[in-house]
Amino acid sequence: MAKEAVKYVWEGAIPLQIHLHKSDVASHPAPPPALVLAPRIGYLPLLIPLIKPYFKDSLPPGEDSIWFDYKGFPLKWYIPTGVLFDLLCAEPERPWNLTIHFRGYPSNILIPCEGEDSVKWNFVNSLKEAQYIINGNCKNVMNMSQSDQEDLWTSVMNGDLDAYTRLSPKLKMGTVEDEFSRKTSLSSPQSQQVVPETEVAGQVKTARIPVRLYVRSLNKDFENLEDVPVIDTWDDISYLNSPVEFLREEGKCFTLRDAINSLLPEFMGDRAQTSGEERSIDDTEEADGSREMGEIKLVRIQGIEMKLEVPFSWVVNNLMNPEFYLHISVLVKAPQR
Amino acid sequence: MSQEEKAMEAIKDALRALRKRHLLEEGAHGPAISALSRPIISQGSEWKEKTEKLETELQQCYKAQSRLSEQLVIEVAESRTSKAILQEKELLINDLQKELTQRREECTQIQEELEEKTKMVDVLIAENQEIRSQLEEMTGRVQKAESENKMLIDRWMLQKMQDAERLNEANDLYEEMLAKLKANGLETLARQQVDGIVRRNEDGTDHFVESTIPSTCGHRIHAHEGGCGSIIFEYNSGTLFTGGQDRAVKMWDTNSGALIKSLYGSLGNILDMAVTHDNKSVIAATSSNNLFVWDVSSGRVRHTLTGHTDKVCAVDVSKFSSRHVVSAAYDRTIKLWDLHKGYCTNTVLFTSNCNAICLSIDGLTVFSGHMDGNLRLWDIQTGKLLSEVAGHSSAVTSVSLSRNGNRILTSGRDNVHNVFDTRTLEICGTLRASGNRLASNWSRSCISPDDDYVAAGSADGTVHVWSLSKGNIVSILKEQTSAILCCSWSGIGKPLASADKNGYVCTWT
């Protein structure tokens, strides 16, 4: 079952309906939108070879500088597709309607993208960051041979989990011990083998988990997610790139809630399922300053919302991205003055 | 529920959420999208294959094109050379054609010539045959003629012999007569010597002939076109010189009336003429300010005497020497010329124009008749005026000397003819007639050789003849129709010639 989750994560894909922006339409009639399945763990620039054939006849002459936007909001390309979807679509829109531009790259908002190479570089960089956070150094990544790096990247691009599983041990990343994963997998001698290794490698009492946290703050409270307005500026999104200190305590399970609290201590308010003790404290605090406090409305990882009691170690081991980062999308109501 | 159970629950919940998501997202949309994209991808690959194929074809085409263009270059070069050759050949053909046409033309020409020649040959053959036949005829005739000739010669010889005999006889007779004549001649000579008059026969001496009174017209000759201004007889002959307005001097035989010769070369009208004593030269005074001297026998102009500045209206030559010529012109001069030298030797000036001129017998004195009616005498050698006498009330038109040199006849426009004695310049006789009017300023009259008769023409075409000794008109000759300009009496007594304004000359006997 542990494998099952990872498989679902790797197979996850978002249906995109890509429209060609009308300023780039040079043919008559305008081309119909292209439908593609975008891997959640992939990136938007990698989709360009799939999308371009649909639109190449309609393009005006000149050089292409491709970028995407969602309802006028330029999309940053180094964020995995799944994360963008979870973050920007409060109510999941399937298929997700994006607009592709071939001209007029907004260099003041987006950093330049030189195609697949930029994305690969970004991936490898993130990998090094993650290893540094986990192991304290990134020599393993840097010592990896060029062909292995290429193969690793190719496996990520193609969504080839088997190849990835074969190559990733070379990174010698330490993982969090996760007895729950062991327990969920009924008979998986492999996992048992894997676990002792990792335990030998880096099972420590305290581990540091690389996390990227995307917080979208809203001004008003909404009852329904459908009513959440479309985002119009990146200023509404704050981005945290800080590790989570994983405290391993006996008898106590480090839950997702604990992780979020460690990251966003100011957002005390949770959704409906909260533990009783905490709630009472929260209520008072809420009663005092619920208006001053922000409220976490939504937590999404890999497109799903979970009970916050879910053990963080399971989350990390199953739901992390290929570069060993965990991307968490959070929707909060902004604290008011 | 323990925490662990809660955790497990949460994990299951999470898994359920993942499955649900899968169904919603990639499960639902994946197959459709892949189905949609397949044709695009396949199309894309198709297009790629097509482009690759086209590219290879294009390369092949380029290669083929380069090969073809190489070939083309070669072909173009070859075609140029063959064009050049062709042009050369064409030029050659043109030249050959031209030559051919030339040759053809030559050939036709030659053929034509050949035809002509054959024709000529035929003609010649025919002629040849004819001539041969003629030759045969001729030879026949010649033979006949020879035989005749022979016969005639024989006869002639016979005649000659007969003549010779007769001649012999005649000679004998002649000798007898001569002897008789000699005897007579001696008798007469003796008689003459007794008379006391010795008559010597000199060259140049005039023969005395009795003049007859002319009455009938002998010939009427149309001598000149225009007027005939001057006529003169040769010495002691019947040959008449006439000079006219047509600038010709003609020589006539008055017996037959035929023209003997014409002398040309004068540049102006002949106004007056003179003949040398030996009849060898004729001098004419012309209106072109010149005098022309012809040699009669050859008919060529021997001298042209220039010097007068106006028309020369009168000329006379010395009877004595035939060398001195005197001429008068309307520039109021008289010039004396030497024919041997060929130029003027003396010039005499006077106030009134001279119309007629005459040299004395000895050739030393000049008689001139002038417009003022005077007759003047000049010495040739000095050119001085010797004497002058008023003869007429109006212009003197003619001055002519008698044969013996004693009398001089002057005619004037007052229609009076005076006869002066040359030594004393006294009037010996005056002649007039009622019908006699002088036509022009140069109407010439003349005295007969025996110094007895005077003839003068008049404006009505009649010629009046007076007798000097008796002083009356002896004859009026009517024949000519226009005014008479000139009269001349032959030295042998007859005929009398008169010339008129229409150029007709009449001879009277």
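One-based numbering along the chain as shown.
Using the three backbone atoms N, Cα and C, a Cβ is placed for every residue, glycine included.
Residues or ranges marked as coiled coil by TrEMBL: B:86-184.
According to TrEMBL, the domain 'Autophagy-related protein 16' annotation covers B:44-168.
Residues or ranges marked as repeat 'WD' in TrEMBL: B:221-262 (among others). Non-local neighbours of the repeat 'WD' (B:221-262) in the same chain are 206-207, 268-275, 277-279, 282, 284, 286, 294, 296, 299, 442, 444, 485-492, 495, 497-507; each lies 6+ residues outside the stretch with a CB under 8 Å from one of its CB atoms.
According to TrEMBL, the feature repeat 'WD' maps to B:263-304 (among others). Counting same-chain residues at least six beyond the ends of the repeat 'WD' (B:263-304), those with a Cβ under 8 angstroms from any Cβ of the stretch are 204, 226, 229-235, 237, 241, 243-245, 247-251, 310-317, 319-320, 322, 325, 327, 329, 337, 339, 342, 442.
Residues or ranges marked as repeat 'WD' in TrEMBL: B:305-347 (among others). Listed as Cβ neighbours of the repeat 'WD' (B:305-347) (distance under 8 Å, sequence separation of 6 or more from its ends, same chain) are residues 268, 271-278, 280-281, 283-293, 353-359, 361-363, 366, 368, 378, 380-381, 383, 441-442.
The repeat 'WD' annotation in TrEMBL covers B:362-388 (among others). Helix, strand and coil content of the repeat 'WD' (B:362-388), in residues and according to DSSP, is 0 helix, 16 strand, 11 coil.
The average pLDDT computed for the repeat 'WD' (B:389-424) is 88. As annotated by TrEMBL, repeat 'WD' applies to B:389-424 (among others).
Within the chain, the repeat 'WD' (B:448-476) has long-range Cβ neighbours (under 8 A, six or more residues past its boundaries) at 206, 208-211, 213-215, 402-404, 406-407, 409, 411, 417, 419, 429, 431, 433, 435-439, 482-487, 489-493, 496, 498, 500, 508. Summarising the annotation, TrEMBL assigns repeat 'WD' to B:448-476 (among others).
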**Study point:** Residues of the repeat 'WD' (B:221-262) by DSSP state, where helix covers H, G and I
**Key:** 0 helix, 24 strand, 18 coil
